[in-house]
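Here's the structure we're looking at; comments come further down.
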Amino acid sequence: MTSDTPDDPGRDGPARQVCPICGKAAAEKYRPFCSSRCADVDLNRWLTGAYAIPVTEDDDEDGEEPTLSPAPPSER
Ligand SMILES: [Zn+2]
């Protein structure tokens, strides 16, 4: 008879994580963070980054754009 169980409950799998904010052990309730505070910090960072993205996309209008190609050397 084989009494070998493939699923060992005593084993710690990838469920164990560390808070990316402070590096502490993450809480199952606030995974992957350790607390709601750290989760909020991460969310704030995310929002800040999301808001910073459209800034580079402000050059979509046909306005005064810098000369991409160099002007001809001989033109009078
Ligand atoms: Zn934390």
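Glycine too: its Cβ is placed from the backbone N, Cα and C atoms.
According to TrEMBL:
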{"type": "BINDING", "residues": "CYS19, CYS22, CYS34, CYS38", "note": "Zn(2+) binding site"}
{"type": "REGION", "residues": "53-76", "note": "region 'Disordered'"}
{"type": "COMPBIAS", "residues": "56-65", "note": "compositional bias 'Acidic residues'"}
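Recorded features from TrEMBL, shown on the structure.
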residue : record              : Cβ neighbours (10 Å)
CYS19   : Zn(2+) binding site : 21
CYS22   : Zn(2+) binding site : 14
CYS34   : Zn(2+) binding site : 21
CYS38   : Zn(2+) binding site : 20
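Under the DSSP three-state reduction, CYS34 (Zn(2+) binding site) is assigned to coil, being neither helix nor strand. Shown in sequence order, VAL18, PRO20, ILE21, GLY23, LYS24, ALA26, PHE33, SER35, ARG37 are the same-chain residues outside CYS19, CYS22, CYS34, CYS38 whose Cβ sits within 8 Å of the Cβ centre of the Zn(2+) site.
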